[in-house]
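Visitor: Found this in TrEMBL, in case it helps:
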- 4-137: domain 'Alanine dehydrogenase/pyridine nucleotide transhydrogenase N-terminal' (DOMAIN)
- R15, K75: substrate binding site (BINDING)
- H96: active site, proton donor/acceptor (ACT_SITE)
- S134, D198, R203, V239, L240, V267, A268, I269, D270, V298, A299, N300, M301: NAD(+) binding site (BINDING)
- D270: active site, proton donor/acceptor (ACT_SITE)
Amino acid sequence: MKIGCPTEIKPQEFRVGLTPVAAAEAVTHGHEVLVQAGAGDGAGYMDADYEAAGARIAHTAEEVFEKAEMIVKVKEPQAGERKMLSEGQLLFTYLHLAPDRAQTDDLLASGATCIAYETVTDARGGLPLLAPMSEVAGRLAPQMGAYTLQKANGGRGVLMGGVPGVAPARVVVIGGGVVGTQAARIAAGMGADVTVLDMSLPRLRYLDDTFAGLFKTGYASRTVTAELVARAEMVIGAVLIPGAEAPKLVTREQLSSMLPGAVMVDVAIDQGGCFETSKPTTHQDPSFEVDGIMHYCVANMPGAVPRTSTQALSNATMPFMLSLADQGWQDACRADPHLAAGLNCHAGKLTNRAVARAQNRQAVDPVEVL
Ligand SMILES: NC(=O)C1=CN([C@@H]2O[C@H](COP(=O)(O)OP(=O)(O)OC[C@H]3O[C@@H](n4cnc5c(N)ncnc54)[C@H](O)[C@@H]3O)[C@@H](O)[C@H]2O)C=CC1
Ligand SMILES: CC(=O)C(=O)O
Ligand SMILES: [Mg+2]
């Protein structure tokens, strides 16, 4: 199969869809790999590294999109990239379609087959292609939040760990999955007073058994959430209902009950955000203020550490990329229902129920297109 990897064009996105190691693996499997010139620069991979791995360098994104049967990327295709997709082409990347009607329209119109990293599942109920980036974003969230908490950056002027005789910052993490767990670990490591809220009792049990003493857990009822949010210096939003738009768990009205200069880090922003006042921001201009509360809502947080993130993402995507290339998408999805769960669009049809529900559209079962 001809596999193409274009340069990411989302603002301040320096990750790349294929590492030279992944390219070499695909070449060993007998595939042709075409990488856009400079695609790996931001992550520290030079064109020569890809050539040494057996890939060819394309001068433009147009060439990659025109020649490749499968496009491997990181971020959802931007409007200009969507115009270059063609019928029968396979796109393997993050999509986050639920809150993004314009992208959904374009992908359906292209006739391409689109497999979204974030809805591929595993046998333990996890999301194996979202998890590595959730680990990165979770570990970054307290770091970004702590910077935003500094007075000069609009925050309350509170140090995460406090100092002897002065209390640490109170941090509330809503959602105790991959992002939430990593965020809580780092925030606690910085010395903050951390509570993780979730609605899943098995998850709370796991967190309590594993991290007792490091951070506290709480059941995410509206009342408990509102009480803790009102007293927190930092709130980290980390909920997920796979494929669906994030539920709004902190309303605009609640902001007036919060500490002035408190910081809300909405990691769930790529699924629409879990605070009513969130809107997506970029690494260039990451935070904004509403009613005295700072909001950090960068939708591609792992792009800030592209070297770590590219390696972590590629470790997870490589086996799936290889089975798509070796078997073709239909046989690969027939053989692996967890990969089939990643199918979001095929030949103008929407194939993910949660996305269809979020956008009030019809979906067909992926099984029908296999
Ligand atoms: N902004 C960024 O750069 C990135 C964003 N993300 C996003 O972060 C979010 C979280 O991802 P993961 O941690 O991997 O998901 P996960 O599935 O591991 O965890 C989500 C947790 O939220 C809990 N939850 C669901 N509804 C809830 C509610 N109403 N109240 C409290 N808890 C609730 C679930 O029980 C689960 O434990 C996703 O939207 C994901 O797309 C992930 C990576 C990067
Ligand atoms: C998961 C995701 O959206 C990201 O890594 O940017
Ligand atoms: Mg994202």
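Glycine residues also receive a Cβ, built from the backbone N, Cα and C atoms like all the rest.
Quantities reported herein were computed from a predicted structural model and do not represent experimental measurements.
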Visitor: What binding-site residues among K75, S134, A268, A299 have a C-beta sitting less than 6 Å from any atom of ligand 3?
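Guide: List returned for ligand 3: A299.
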Visitor: Using the alpha carbons only, what distance in Å do you get between L240 (NAD(+) binding site) and R15 (substrate binding site) once rounded?
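Guide: Taking the Cα atoms only, L240 (NAD(+) binding site) lies 23 Å from R15 (substrate binding site).
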Visitor: Cα-Cα separation of K75 (substrate binding site) and R203 (NAD(+) binding site), in Å?
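Guide: Cα-Cα, rounded: 29 Å.
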Visitor: Counting only other Cβ atoms and using a 10 Å cut-off, which of the recorded positions R15, K75, H96, R203 scores lowest?
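Guide: The recorded positions R15, K75, H96, R203 were compared, and R203 has the fewest Cβ atoms within 10 Å.
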Visitor: Within the chain of D270 (NAD(+) binding site), which residues six or more apart in sequence place their C-beta under 8 angstroms from its C-beta?
Guide: Y94, H96, P280, A299, N300
Visitor: Near ligand 1, which of the binding-site residues R15, L240, D270, M301 have CB less than 6 Å from any of its atoms?
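Guide: Among R15, L240, D270, M301, near ligand 1: L240, D270, M301.
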Visitor: At 10 angstroms around each C-beta, which of the binding-site residues L240, A268, A299, M301 has the fewest other C-beta atoms nearby?
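Guide: Counting other Cβ atoms within 10 Å of each of the binding-site residues L240, A268, A299, M301 gives the minimum at L240.
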Visitor: So if I draw a 10 Å sphere around the Cβ of S134 (NAD(+) binding site), how many other Cβ atoms end up inside it?
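Guide: A count of 24.
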Visitor: Of the residues in the domain 'Alanine dehydrogenase/pyridine nucleotide transhydrogenase N-terminal' (4-137), how many are helix, strand and coil by DSSP?
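Guide: Final tally across the stretch: 51 helix, 21 strand, 62 coil.
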Visitor: Sorry to bug you, but what's the C-alpha spacing from R15 (substrate binding site) to M301 (NAD(+) binding site), rounded to the closest Å?
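Guide: Each residue's Cα considered, M301 (NAD(+) binding site) and R15 (substrate binding site) end up 11 Å apart.
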Visitor: Checking proximity to ligand 2 here: which binding-site residues out of R15, R203, L240, A268, D270 have their Cβ closer than 6 Å to it?
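Guide: Those binding-site residues that pass the cut-off, since their Cβ is under 6 Å from ligand 2, are D270.
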Visitor: Look up L240 (NAD(+) binding site) in the DSSP assignment and report helix, strand or coil.
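Guide: Once the DSSP labels are grouped into three classes, L240 (NAD(+) binding site) ends up as coil.
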Visitor: What is the pLDDT of the domain 'Alanine dehydrogenase/pyridine nucleotide transhydrogenase N-terminal' (4-137) when averaged and given as a whole number?
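Guide: Mean pLDDT across the domain 'Alanine dehydrogenase/pyridine nucleotide transhydrogenase N-terminal' (4-137) comes out at 97.
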Visitor: Can you grab the distance from R203 (NAD(+) binding site) over to R15 (substrate binding site)? Cα atoms, rounded to a whole Å.
Guide: 31
